[in-house]
């Protein structure tokens with residue numbers, strides 16, 4: 001059962017669901033809009049070896065970032081020109097991890113799903129790849145996997161990037177996400193790189 005706008009207000013006001021900060025203007029008919037934070041991660045590895053720690057740079061923007069497609073040629077001169085012409089803080093190409101401003105806490109009988117905005121899809125910008133599902137009992141900010149597929153796209157801090165759709169489960173989970181020992185991203189308050197190397201099935205193969 002998907003929560004309507006009335007349900008979302010009820011769950012937030014009764015503190016069954018925490019969204020911090022909460023903006024009543026961001027409540028849709030059956031969703032809640034979330035906004036882009038200022039912290040990002042860019043991987044440095046030539047190959048993603050998922051049994052090892054992934055090398056990355058974590059950085060913060062003041063206002064805006066230009067995201068270019070993977071094969072878009074960038075050098076120091078082009079980056080400088082883009083920054084001056086479009087007044088952006090940062091220019092990157094390829095995939096990028098970001099995070100929402102919103103910190104969310106779900107009870108054990110509510111799960112959620114993140115969906116990117118349709119307006120972003122219309123400029124071929126995707127803000128999540130496969131990680132749109134949020135288990136019941138989750139606590140933390142939502143990590144975004146951002147890719148531009150056509151032309152460079154400029155994103156701005158605090159703009160709405162997607163929405164959360166909340167669903168009521170038939171019964172509460174015995175153990176919520178943040179209470180499971182194997183949950184790698186419980187309580188995340190910033191953008192986090194992949195921790196897939198911690199997967200138990202990988203360890204068992206050693």
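Note: Cβ is positioned from N, Cα and C throughout, glycine not excepted.
In Swiss-Prot this protein carries:
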ACT_SITE  145  active site, proton donor/acceptor
BINDING   117, 118, 119, 120, 121, 122, 135, 143, 144, 145, 163, 177, 184, 188  dCTP binding site
SITE      132, 133  site 'Important for bifunctional activity'
List of residues, in chain order, with Cβ under 8 A from that of residue 184 (dCTP binding site) and at least 6 apart: 195, 198
Integer Å distance between the CA atoms belonging to residue 132 (site 'Important for bifunctional activity') and residue 119 (dCTP binding site): 17
Residue 132 (site 'Important for bifunctional activity') - helix vs strand vs coil (DSSP): coil
Residue 144 (dCTP binding site) and residue 132 (site 'Important for bifunctional activity'), distance between Cα atoms, whole Å: 9
Set of same-chain residues at least 6 away whose C-beta sits under 8 angstroms from residue 121 (dCTP binding site): none
Residue, out of the binding-site residues 119, 163, whose Cβ gathers the largest set of other Cβ atoms within 10 Å: 163
Cβ neighbours within the same chain of residue 135 (dCTP binding site) - under 8 Å, at least six residues apart: 106, 111, 173, 176, 177
Residue pair residue 144 (dCTP binding site), residue 133 (site 'Important for bifunctional activity') - Cα distance, angstrom, rounded: 12
Spatial separation of residue 133 (site 'Important for bifunctional activity') from residue 163 (dCTP binding site) - C-alpha basis, Å: 12
Sparsest-packed among the recorded positions, when each Cβ's other Cβ atoms within 10 Å are tallied, from 117, 133, 144: 133
DCTP site span - longest C-alpha distance across 117, 118, 119, 120, 121, 122, 135, 143, 144, 145, 163, 177, 184, 188, in Å: 33
Surrounding CB atoms that lie within 10 Å of the CB of the residue listed as 'active site, proton donor/acceptor', all protein chains: 17
Helix, strand or coil at residue 117 (dCTP binding site) [DSSP, three-state]: coil
Cα-to-Cα gap, the residue listed as 'active site, proton donor/acceptor' vs residue 133 (site 'Important for bifunctional activity'), nearest whole Å: 13
